[in-house]
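Everything below concerns the one structure shown next.
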Amino acid sequence: MIPEKPNDVIWTDDQWKSIYAKGQDTLVAAAAGSGKTAVLVERIIQRILRDEIDVDRLLVVTFTNLSAREMKHRVEKRIQKASLEDPSNTHLKNQRVKIHQAQISTLHSFCLKLIQQHYDVLDIDPNFRTSSEAENILLLEQTIDEVLEKYYAELNPAFIDLSEQLSSDRSDERLRQIIKSVYYFAVANPQPEQWLKSLVSPYKDNQAQDEFLELLMNLAKVFMNTALENLNKSFDLYSELAGCDKQLEVIEDERAFIARAMEGGILNTELISKHSFISRFPSATKKIKEANDGNLELLESAKAYYDDYKGAVEKVQQDYFSRSAEDLKADMAKLAPRVEVLSQITRDVIDTFSKKKRSRNILDFSDYEHFALKILMNEDGTPTDLAKHYRNGFDEILVDEYQDTNRVQEQILSCIKRGDETDGNLFMVGDVKQSIYKFRQADPSLFIEKYSRFSHDGTTGMRIDLSQNFRSRPEVLSTTNYLFKHMMDESVGEIIYDEAAQLYYGAPFDDKPHPLNLNVMVEDKESELTGTEQEAEYIANQVEEIMNHREVYDMGTGSYRKPSYKDIVILERGYNRSRELQQAFKNRDIPFHVNSKEGYFEQTEVRLVLSFLRTVDNPLQDIYLVGLMRSVIYQFTEDELARIRVTSPNDDYFYQSIQHYLKTKEADPDLVAKLQDFLKDLKFYQEFSLEHPVYQLIDRFYNNRLVIQYFSGMIGGKGRRANLYGLYNKAIEFENSSFRGLFQFIRFIDELIDRGKDFGEENVVGPNDDVVRMMTIHASKGLEFPFVIYSGLSKSFNRSDLYKPVILNQKYGMGMTYFDVEKDFAFPSLASVTLRAITEKEMISEEMRLMYVALTRAKEQLFLVGRVKAEKELDKMLNTAISNNMLPMSYRLEVKNPLQLIYAILAKYQANHLTNDLKFERNIDELDDAIHPYAEIHIDEYSDIAQDIHQNEDEEFRTVNDIVNYQSTNTERQQAIETQLDYQYPYQKDVVKPTKQSVSELKRQLETEETGTSYERVRQYQLGASTYERPKFMRQHKKRKANEIGTLMHTVMQHLPFKEERMTSAELDEYIDGLIEKNIIEDDAKPDIRMDEVMNFIKSDLYLEIAQSDQIMREMPFVVNQSKVDHQMNDDEDVSIIQGMIDLIYRKDNQYYFVDYKTDTFNQRRGVSDEELGEQLKARYKIQMYYYRSALETILQKEVKGYLYFFKFGTLSLEETEKH
């Protein structure tokens, strides 16, 4: 009996009911922001206080360990508070002790406790341990190896066919991946063996095939009905237009086809699969356009409807019935043996894997659940005596996040709960609209089934809807309601978004409007930025807009405050665009944090070490061997690698080519020496790896080759160093497993990469750090932010799983494509087509739920961001917005991204601008407040945005001196600041001096010191007076400046071919055009290239000498310790690192030369000879050339000669230049 609710309590009626309802199983459908955690904690407290239940007689199951700890802490605090208020209450005193034994944990923790207490039932050693991730991955791989080896030895015909279908000529990796997928699906089922055995049924059973066919027919009919509607609309519009007889004739033929294909409401799949369209639909000629001058929009709409008709039919042809129903069924029997053998292989894997784990005395998380189920359930599905014991031990079982439960977990709960649904003691809370973990085998259908069965009066189990939202403004809620009322139902979305599912306003905000902003950016094709980079700038612009023009409402004080960066979150489906966002925010000095370790294995330094490890393990892997040789560690050039390969082009492996090259008489002695050093290194590491663990091999490589030091000196050095140490630590963790050896470690890493698991630099940002955060929607679940920017709406849904040769589904089993081994050709089968269609529907349903989670994180305002290449892409979405009804099911099943759903719904705002045939059924203003959308749609050209940014920066631009010389009106504060700033740091000289300096900077430093000027003063002056170069996408096209032309000329020289026969003017012109085609230089750059000066260089002796040289290296970067090249440095001076870039180095007759191109312009004064001018020019660059020469000689350990080439003067040899 639910107690009467007092007037002064804070709980809503539904919350009150959720706290006190009992006597039956109860499902609380708690919408986002409805206070479900508070309700769950209050229910636990009231069961303890009011019903005097001991806290250890409650089983509370949470989704994460963190949630369990937080909930236990909250319950403990409430018990302590109640005990202090009633110190004589013995029951409460006991609870303060029993809370430490309370079962408030994840289900895995509960299962582990069961196993520890009843290991004897399982016949396992009580000293078992949980396997590490590495151990579990490698043991499963080893198991699959052994099982497949057995099948390869037996050569079963069905297995041979399966292997032919799922393996390539070089690898059976795809077969292995599919076995793993089937394994993971099986163990997410309460009875894996039975589920695996059932997979073959649809391939043998006609009744099961008919059920598949019915599912497929129903989906196909959706698209055929849509096709018919669109064809009729096209016909009606063309009928109103003049001169469209040919179009109407084609449409009449298609209407006849549709009539035959859908006759009697039954699809003629034979006819559909063979139907072909006219190759070219009659176009709207000039005569037709003139005849319909006032109705051109209708003419376009008529053609658009025909295109939509054609698209819907082609969807049925391509995805459902590319072959007739009979042909699809015919191949099912042929596939049965392959499905059966795949099922048996997986059962063998489960059995062998289990034995291996038992021999090592280890369990994994899947074992937790299945062993617990074995303790609680007999083989016939009835509860064991131990299960009955636990039923009596728990007065109530409370489950948080019930929508994320899988069927194994559901079975465990069923074994220990009391009674049926009508008189049970199971309390479940969750929100199926936030079920976003299907990839972890979460099964939202469990929630949906109960939601449909249970009733508000509790006669079939109690269902309570918590719909009042205490987080968000009404504009956020009503617009979210409006969106999902038009996209989510049972057919796509898996639940009806009705009044019970809607969000209702419950937070005490003021009445100030905060409409949702749907911002669609149209890409600028002329911009040098990619579309992703443009969108990142667009998002950064939105953040600035929030910071400058929005406020945050404080509910406690009823007043507004300025926003902080931490009030803003950027939500995306994944982290793949995080780098572009980081750069855009860095450009604007906005603090930004990405809470992700994704992309770790793609980092340069990690890829280098993995290439090293793979090469040491097996040098017959060309990609890794060549990658290691080309790396900064060994520095083989492309030219050297090509020479090695050319010597023996028919070798299977590059390693063999190396061996052959070393035996070639014409081999370059320097390259031979370099190769011998490399092979010596490789042999050392191979021998070392045989006697030492992997982490010691990595450590030795790091130390011998100064890997840590090198990458620490690069941009982002701290993160790179952390990544390198992360790999080292992973190797230590691997060593603690029962596996050993380099091969096994590489296998472990490969599996992590395949699973998309990353481990990188730990960079934790606390909740109070004032930064804009970027996170995935999954990571944001349970969190809230004043401002949410939900971006990446144009990113396509991941449909890759739909095109795999084997598709899996917990309910419908396995869909395998038919592969004709003799014809080497794959055909869709009835099962593969049906499961692809079902999986596609489930995938889009989950994407909708992800959208719901994203939208409901916002408290103040939502900003949705998408992008299109051209505004016309929005037209099709707009054509869908024809009424206030649900979006057509066919449209929802075909959408490629969230924008196509959201824009199609919110575009109803543009009703007044649509053509006559697209008017809405009723006015949007007539809608109820709960689903009335408050939104603004902005379609912005990126070129306009870039121009706005440009203008704003011009208005607000300040030099560093402007800021330094700013006069404050707050004298007291100014004095306090000046007191702090007046402190004289004793080592100021070393602060001014940078740790890393370019050669050009050193040249300026030494030149100013020679003239008696303080370098520090010069540097400060340059800093204060300079402004930063504006990015190219913000600049209007102007005539290039001298420095830009210099850069352009260097780019041309960087790629210039060197040929002994010299290039002609025509060939040079063709070469420049090639650079433009490859986007190496800009389209409009050609007029600024001084072609005559380049030709003069080609005609020079220097060009010919380079062309005839033995080796050429271009744009050679270097980093060297200053003390190695500057012998005048004192011992007590702090050392800088010098970095630079040499235009070209060539080697001839074992002598190295470098060339530095100069585009200086100068006037030769009267009376000054060429020799005198040459000396003046050499003097101008003597410092820079000194450092170039010294750096190269330090690196090469050989004497180096150099040339300056002035395009306005010619070649100057530095051989006579005095060394300083």
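Each Cβ is built from the backbone N, Cα and C atoms, and glycine gets one as well.
Now, the feature entries from Swiss-Prot:
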{"type": "BINDING", "residues": "A30, A31, A32, G33, S34, G35, K36, T37", "note": "ATP binding site"}
{"type": "DOMAIN", "residues": "9-473", "note": "domain 'UvrD-like helicase ATP-binding'"}
{"type": "DOMAIN", "residues": "474-782", "note": "domain 'UvrD-like helicase C-terminal'"}
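Per-residue pLDDT, averaged along the domain 'UvrD-like helicase C-terminal' (474-782), amounts to 88 for this model. Apart from A30, A31, A32, G33, S34, G35, K36, T37, the ATP site neighbourhood in this chain, defined by C-beta within 8 angstroms of the site C-beta centre, holds V39, D431, L466, N469, F470. Summarising the environment of S34 (ATP binding site), the number of other Cβ atoms within 10 Å of its Cβ, over all protein chains shown, is 27. Proximity of G33 (ATP binding site) to non-local residues of its own chain (separation of 6 or more, Cβ distance below 8 Å) is seen for N469, F470, R471, S472, L503, A507, E784, T856, given in sequence order. Highest local Cβ density among the binding-site residues A30, A31, A32 belongs to A30, counted as other Cβ atoms within 10 Å over all protein chains shown. Ranking the binding-site residues G35, T37 by the number of CB atoms within 10 A of their own CB puts G35 at the top. Cβ neighbours of K36 (ATP binding site) (same chain, under 8 Å, six or more residues apart in sequence): V28, A30, D400, V429, G430, D431, L466.
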